[in-house]
C-alpha cells in the first residue's frame, strides 16, 4: 500500500516536467480552485468590513488575489500608471483574452472601481458571491434591452456614488491575435455619465498561454494604460466615433506591445 501511495507522488513531477498538456490542465484547475478557496475566506471579511454589497470590498478582493500570479509563473510589466491618477468617476475599457485577465485587473485596479460582467458569473459558487459583494454589475448579454437598462442605471450609480467601472468592450474572450469589434455599451455608459474613458491594453498571451494547443507556460504580460479620452459635451450621436477612436488606439497599442514581447522571447515552442 505504501508503494501505491508513492506512485502519484513520483508521477506528478514527471508529468509536470514532460507533458505540456498536463501542465495546462493542472494550472487551469489550480487557478479556478484556488480562486474559489480565496473567495471563501474573503466573503466573511467583506461582510465584516462593509456589512454586505459594497464597492469598497474590492480593496479586500484586490489584496487577496494579487499573489496568485506568482503561483502561475506570471509577471506583469505596467506602463502609464499616471493615467489612472484621475479624480472622480471614469470608465476603464480593456481587451479580454481569458479568465487570467482578472489577475491583470487586480494588479492595477484603482480604488472605488468595480466591473461589469456577464450575469452567468453570479452562479459561479463562492466566486459569484464575492463578485456580488464587490459591487460587480451583472448584465444579461442575450437581452439587449436588459443590458441597456443596466448600463443606464450604472451611469447614475457612477455619479451618485463616485465609482469607476471596468468594462470589456469586446464582449467575450478573444485570443485570435487581434481585437474583436467593440460593442457600444461602455461608450454609451461614458457619454451618458459624461465621464472619461481610460483604455487599458493587455499584451497578447500567446507567448505563454494557448488554450486550443493546451499550453500554459510562465510568462510576462505587459499592461499599457493609455491617456484618458474625454466625453464631456458628447451625445449619443458621438458614440460610434468614440468607439472607433478607442478601438484604433487600443489595437495599435496591443500590436506594438505584443510584438515587443514576441521579439524579446521568440515564438512559443510546443
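Sequential numbering from 1, following the chain as shown.
Yeah, the Cβs are placed from backbone N, Cα and C, and that goes for glycine too.
Residues or ranges marked as domain 'Phospholipid/glycerol acyltransferase' in TrEMBL: 90-205. The transmembrane segment annotation in TrEMBL covers 7-26, 32-52, 121-139, 189-210.
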Seminar exercise, completed: Here the stretch out of 7-26, 121-139, 189-210 with the most C-beta pairs under 8 Å to the transmembrane segment (32-52) is 121-139
For this session: Please work out the helix, strand and coil residue numbers for the domain 'Phospholipid/glycerol acyltransferase' (90-205) from the DSSP assignment.
Result: 49 helix, 23 strand, 44 coil
